[in-house]
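So the structure is just underneath, and the comments pick up after that.
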């Protein structure tokens with residue numbers, strides 16, 4: 001019989017446990033907020049947009065950007081299992097605000113009320129990030145990259161001091177920090193040296209990368225699920241099956257969305273991209289709801305005991 005994790009770990013004070021509960025519930029809340037805002041706008045205009053990302057050009061914009069910022073902050077703040085899981089959460093949290101800072105290119109005539117907006121594109125028949133929004137993107141991304149540089153510098157100083165004290169971090173954690181630094185360098189260089197292509201592709205790159213990283217995190221949670229006592233009573237096998245199902249469904253939606261966009265090059269016509277993004281949003285909510293339930297009595301997800309083999 002495999003060992004069972006104590007449902008109320010003694011190393012997690014009530015205040016820390018409440019903080020982690022609030023972070024996980026907040027993840028669910030941010031997703032639901034965006035979902036409801038999109039539903040309200042669809043009901044108002046009686047038309048489905050080409051994508052959820054295109055609701056940036058509607059009254060949903062404030063909720064859209066705020067939700068992504070909240071998710072990014074929570075992903076960086078919340079601690080996953082040491083190593084790749086925690087590192088991937090941090091990188092995903094760093095990427096997702098860019099999805100809001102850099103709007104998706106659109107053909108204005110294809111979005112509800114788009115022709116009435118004080119926005120212009122060099123070619124009205126081609127998708128673009130409207131000229132009037134370029135200064136907004138420049139300001140927001142510049143500020144974000146500068147803050148990211150400060151954050152990474154702080155992490156590297158911590159790593160160096162830990163090494164001096166003989167408390168070297170795990171190799172997987174160091175690799176995750178290297179990956180985060182690489183992502184910052186890549187996006188920073190792209191922003192500085194290729195502004196036109198950045199405006200055209202940064203939204204897609206950030207969004208797809210975010211979900212790919214999240215898929216890996218979901219898979220890790222399925223693979224490393226352990227016997228524990230959550231808020232409800234699913235078994236370890238139940239959690240594994242559900243996490244794997246969510247990861248597989250997310251992967252299918254991402255692949256379908258990328259293929260659809262590459263084939264059609266549009267977010268208009270039948271709004272398939274909208275429905276695929278809706279599926280991803282719902283699956284994101286489902287994942288964090290599962291995390292909340294499974295780890296209600298834990299701050300950091302418990303590690304697999306030595307007596308419990310990982311399949």
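Yeah, the Cβs are placed from backbone N, Cα and C, and that goes for glycine too.
Automatic prediction, not curation, is the source of TrEMBL annotations.
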Practice task
Examine the ranges 1-20, 21-40 and name the one recorded by TrEMBL as transmembrane segment.
Solution key: 21-40
Practice task
Verify whether three or more Cβ pairs under 8 angstroms connect the transmembrane segment (141-160) with the transmembrane segment (201-222), leaving out any pair fewer than 6 apart in sequence.
Solution key: no
